[in-house]
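Here is the structure we will look at.
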Amino acid sequence: MDENKKRALSVALSQIEKQFGKGSVMRMGDRVIEAVEAIPTGSLMLDLALGIGGLPKGRVVEIYGPESSGKTTLTLQAIAQCQKKGGTAAFIDAEHALDPIYAGKLGVNVDDLLLSQPDTGEQALEIADMLVRSGSIDIMVIDSVAALTPRAEIEGEMGDQLPGLQARLMSQALRKLTGNIKRSNTLVIFINQLRMKIGVMMPGQSPETTTGGNALKFYASVRLDIRRIGAIKKGDEIIGNQTKIKVVKNKLAPPFKQVVTEILYGEGISREGELIEMGVEAKLVEKAGAWYSYGGERIGQGKDNARGYLRENPHLAAKLEADLREKFEPTELSREEGDEDTLEDTM
């Protein structure tokens with residue numbers, strides 16, 4: 001750069017600093033670039049698929065899927081992991097449906113959890129913004145976008161048509177929230193529901209969409225699509241769901257990774273089940289017929305018994321997890337081939 005341009009830039013920078021404060025504009029090389037902090041999800045498979053060891057702090061995350069697919073369970077497990085590390089968690093329950101007993105079973109310290117059950121969408125988002133600006137919250141969950149009902153809709157008649165009201169509310173709120181979220185280093189998770197687009201018949205185009213307009217799709221650094229794909233049985237009794245989680249957007253690591261995990265009723269994501277599956281894949285756990293073995297020791301006949309053995313021997317589970325973390329680097333997880341992309345994967 002020639003001297004005249006340097007002087008002009010120096011004058012401009014000093015004027016900006018005088019008007020807007022020190023640090024308003026800086027050279028990237030002037031500050032140390034730190035790795036993004038992450039909060040574990042409670043699923044080792046998902047943490048590795050996300051590429052940074054969990055969900056990123058200081059960012060917006062969207063988790064969406066059909067009903068009863070495990071969205072709230074996943075967020076409650078992330079809250080539990082955050083609390084274990086001494087973090088503070090808040091839950092904005094716009095659906096008025098949080099079960100504290102179930103949350104406790106997943107490891108959430110319910111006594112320390114900040115809970116709000118707002119009356120309107122504006123109130124929910126204002127409370128969220130105030131908590132974020134306090135700089136004291138490590139993780140916040142808003143459940144759900146679909147339940148953030150604008151005040152005008154609540155005060156109006158049942159059949160009133162108010163097109164685009166919720167989308168405008170979300171767009172305005174995210175414009176305000178995003179900067180505060182970054183400054184306070186808070187992880188904010190929006191749970192969202194699916195709706196069907198009317199008249200979408202184009203081949204290869206998904207008729208599904210999320211509620212609340214397009215703003216959240218753009219502001220979110222990570223978007224997770226979570227779906228139930230099967231049942232887990234113990235004899236004739238169904239004890240949980242087999243669940244597929246797909247990373248459809250990731251600004252911090254390669255996207256489109258996906259994992260298939262187990263969510264057990266009353267327990268949440270099966271840590272031991274994941275360890276067994278990943279152990280077999282990594283050839284750390286041997287499977288001969290119905291028997292599973294680890295380190296030359298038989299750990300159970302059938303997956304359910306092997307899961308129980310690891311639960312009763314936490315030191316063995318911890319050793320297997322350490323071996324798996326060493327074996328599976330985030331870059332080694334490959335995208336599963338042949339899967340259909342769903343719900344605007346390019347967003």
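The backbone N, Cα and C atoms fix where each Cβ goes, and this holds for glycine too.
Non-local contacts of Lys71 (ATP binding site) by the CB criterion (under 8 A, 6+ apart in sequence, same chain) comprise Ile63, Tyr64, Gly65, Asp143, Ser144, Ile191, Ile226. What Swiss-Prot records for Gly65, Pro66, Glu67, Ser68, Ser69, Gly70, Lys71, Thr72 is ATP binding site, and it gives sequence analysis as the kind of evidence.
Residues annotated as compositional bias 'Basic and acidic residues' in Swiss-Prot: 327-336.
Marked as compositional bias 'Acidic residues' by Swiss-Prot: 337-347.
What Swiss-Prot records for 327-347 is region 'Disordered'.
The ATP site, placed at the center of the C-beta atoms of Gly65, Pro66, Glu67, Ser68, Ser69, Gly70, Lys71, Thr72, has further neighbours from the same chain whose C-beta lies within 8 angstroms: Ile226, Arg227, Arg228.
Applying an 8 A CB threshold to same-chain residues 6+ apart, the list for Thr72 (ATP binding site) reads Leu98, Asp143, Ile191. Reduced to three states, the DSSP call for Pro66 (ATP binding site) is coil. Of all the binding-site residues listed here (Gly65, Pro66), the one with the fewest other CB atoms within 10 A of its own CB is Pro66. Ser69 (ATP binding site) is surrounded by 22 other CB atoms, counting those within 10 A of its CB over all protein chains shown.
Sequence-distant neighbours of Gly70 (ATP binding site): residues of the same chain at least 6 apart with a C-beta under 8 Å from its C-beta are Ile226, Arg228, Asn241, Thr243, Ile263, Ile269.
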